[in-house]
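Undergrad: Just dropping this structure here.
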Amino acid sequence: QLSFAATTPELADKKKYPYFFRTVPSDNAVNPAILKLLKHYQWKRVGTLTQDVQRFSEVRNDLTGVLYGEDIEISDTESFSNDPCTSVKKLKGNDVRIILGQFDEEMAVKVFCCAYDEEMYGSKYQWIIPGWYENLWWESWINSSQCLSKNLLAAMEGYIGVDFEPLSSKMKKTISGRTPQQYEKEYNAKRGDGQSSKFHGYAYDGIWVIAKTLQRAMKHLNATNKHQKIEDFNYTNHKLGKIFLDAMNETNFFGVTGEVVFRNGERMGTIKFTQFQEREEVKVGEYNAVADELEIINNSIRFQGIEPPKDKTIIQEELRKISLPLYSILSALTILGMIMASAFLFFNIKNRNQKLIKMSSPYMNNLIILGGMLSYASIFLFGLDGSFVSEKTFETLCTVRTWILTVGYTTAFGAMFAKTWRVHAIFKNVKMKKKVRGNKLFSNYFICPVIRLQGLWKVVDPLRRTVEKYNMEPDPAGRDISIRPILEHCENTHMTIWLGIVYAYKGLLMLFGCFLAWETRNVSIPALNDSKYIGMSVYNVGIMCIIGAAVSFLTRDQPNVQFCIVALVIIFCSTITLCLVFVPKLITLRTNPDAATQNRRFQFTQNQKKEDSKTSTSVTSVNQASTSRLEGLQSENHRLRMKITELDKDLEEVTMQLQDTPEKTTYIKQNHYQDLNDILSIRNFTDSKDGEKAILKNHLDQNPPAQWGSSDPSRTSKDPIEDINSPEHIQRRLSLQLPILHHAYLPSIGGVDASCASPCVSPSASPRHRHVPPSFRVMVSGL
């Protein structure tokens, strides 16, 4: 049995139909061609959409077997009876981009209407459907759908149809001596106006198959059995039937439909590929089943995009990185800031011996500059991301840049507040069991807690590199891929808790600075009073940090904006802090350095009374800002007067002993010299900080001690020791020195001395720290 038009795959079952042959390829013959097309465009993920009809289901089942083992995945298999929209929607949900359809013309219209509604057409999708539909097939069924014609045509644009080739396109003579083109011309001439069938070429080749089969059978009979002829054929002669079957399988010639070859009764024909382009189907390629070759006609196939569609949504992860020009600009600004800080450091070191700079604690100023430079340096590290460094290096930078910024911030403001604490301790008469100096305050209460906190953070919950993935975005270049932005972060398990601790500590540090600025706002020496500039620094830094932190959190998915904000906040805070600390000093040092080191609150006049060698100083102008403070000083003055009275009694006892037993002089000199010196001498600021030395030196420069007119230094230094310790000399010295010693204690009990033109120290300073002129200390030591 030989058929030229039966394409149903069911007839390929040789158990049921062992003697069936056909010159037309079956519907299953398109599956190897589809496999070749998928491999050609490297489509490895497809989906099928099948109408619930046996003919289409068999093709789908055979296609599954063909694709199995070929490294091509059928990600979704959908079927429908009447409404394909649900199946189309599922295909889209499973991200199927290459759809293999098996349905008739009526259902094809509905499928493409649903595809239009689901936007499953265009550059991202490729439909492959049967190619045996009639010409202009959609016009017959457009009215049965609810889809507009333009929408249907838009969804259909670019689909690929697969069907057997009616006539060969090769310019080659066939077994009949005609080329396929000559045959077609003769056929159309004889057909006239009659309707054409696409199977006529297979019918023509079928006649040649029968003729060649009979010819081979006759040759076989003549060669093997001369007594049996072809005319002796009957349907019960199985031996002759076997000869016919072998002859059919040996068929191999070039006909008008191409190479005519059978394999298990199935025609190994030529499959053509057509593409719907601008309302017409255009042949774009063909597949030769005999040679297993696919030929795509040059530049004939046109995809909707710039390249063939992808078999799935290609997700390309793209790191959101910091722009190199932006990093360069901010780095340049940072370098300018570091140059400015270096200039301030040079200025501070060069003028460290100037009164103005010395009184403002030059070492603390150096630490402020160091903190600013560390803050500047952190900007370079914040701009380094995965585009510059590796993942391991980035994770290390997470910790390093946090350390540098935190330590830099604390160093700058800690040093500023530490030197303000020194001024506060001097002028506010802070009483503590153990005096806390500025450098100790800086190291013990500012730097050490930060280092401990950062160390604990590093050990308990270290910062690590995390990657945050965002929603997919279309490719800006129009390629058939989706961009999934990813962003690197430095995070840990309990990030919120650690940030809260750091913010709380920094907030307390700023509040402490505000307290010191408020407490020292009335300090009358400009070189020591930085309260205004501290307040401005704290205000600017606080506002900028709050705004910067909030905006940085809101723009965490935009690394360029986030880095720009963080860098500008650091640059602004560091620059404004350094300028507020050093620019006023630079201007004052250039204009009027002496005015900044003088007391603006008190003005004193000096009236020396040389008779009786007594000193008195009158205060001409006192700021009456605090009555309670004066009352406290008066009570302290009274207490010290009582102590002086007790010391006077001790001196009288020493005098009586010297008068009664002159030989004890040496003993007194040796054993009571240190005690008397401790009692009578007043400790000056020699053990205090550089700033306090500057205050004392300033006072001494303005108020030189009164000369001791009645004493002759050469007399005390050149007399023999035995004459000095004689009773007459001791008696004479005591009668002269006791009144002087009494007046020497006046500064210790709140009085003033005749050699001062300005206050020896601030009125609020501790009595133990009040200054005694060197002339009086010489007399006391002489005793």
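Just so you know, glycine gets a Cβ as well, placed from its N, Cα and C.
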Undergrad: Select from 400-421, 444-465 the stretch of residues annotated by TrEMBL as transmembrane segment.
TA: 400-421
Undergrad: Three or more CB pairs closer than 8 Å, sequence separation of 6 or more: does that hold for the transmembrane segment (560-583) against the transmembrane segment (367-388)?
TA: yes
Undergrad: Residues sitting near the transmembrane segment (538-554): Cβ under 8 Å, six or more positions beyond its termini, same chain?
TA: 413, 510, 513-514, 517, 562, 565-566, 568-569, 572-573, 576-577
